[in-house]
Amino acid sequence: MGRAMRVVVVGGKKVGKTAILRQVACVEDVTNKPYEPTIEDTYQVLLEEPDKAREILILHDTAGVSNYGPIELKKAYVQAADAFVLVYSSADYESFNRVDLLKKWIDRQFGKDKKEVPIVVLANMRDRPATVDSAFAHSWAAREKVKLFEVTAKDRQSLVDFIHYVGHRHFHPTKESKFSLSKKLKSEKSSNPAILMDF
């Protein structure tokens, strides 16, 4: 038996959410097939490492959010999510604006409960001429404290890093130290420095 996490994948219409998930979970390139709007779907990805329990990512594919009007996700997605993956097309600036609004909406929902939910952003269609500048997007991601990956649904290898990042962040979180050595604690005369440990 393995451990599972639920990842909700959201973004505007026609940004390639389903194409990304089909490539990751089914090893199928659907980028050349006619566009079919997604209502919702679920995919599973198994992460396996020797001598470790199986880890399963349950990826929830959602209908594309409208390019106009207020942002809102189904309550069931918000309640179930262990992480969010926000997708925009680097060839469509409006889809980037919607991701910015989605990020702020998610922050407001989880800010009420003081709960931190990881958010990863995918800049899809990196193989097309970009209208969203890469440096601008990375600057935005740093300011919003999210991890940004530039990917293309045509290339499965470009998608591997974000899957491993999401899984590792959930199943193997690193403990951030709450203490730091200040200058007052460091003795210049002592040849045997003390070590502070975070428990």
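Positions of Cβ are set from backbone N, Cα and C atoms, glycine also.
Listed ranges 26-34, 35-43, 125-133, 152-160; the one Swiss-Prot annotates as motif 'Effector region' is 35-43. Taking every protein chain shown into account, LYS14, LYS17, ARG126 are the binding-site residues, and of these the Cβ with the most other Cβ atoms within 10 Å belongs to LYS17.
Helix, strand and coil residue tallies for the motif 'Effector region' (35-43), in that order: 0 helix, 4 strand, 5 coil [DSSP].
Fewest other C-beta atoms within 10 angstroms, among the binding-site residues GLY11, THR62, VAL65, are seen around THR62.
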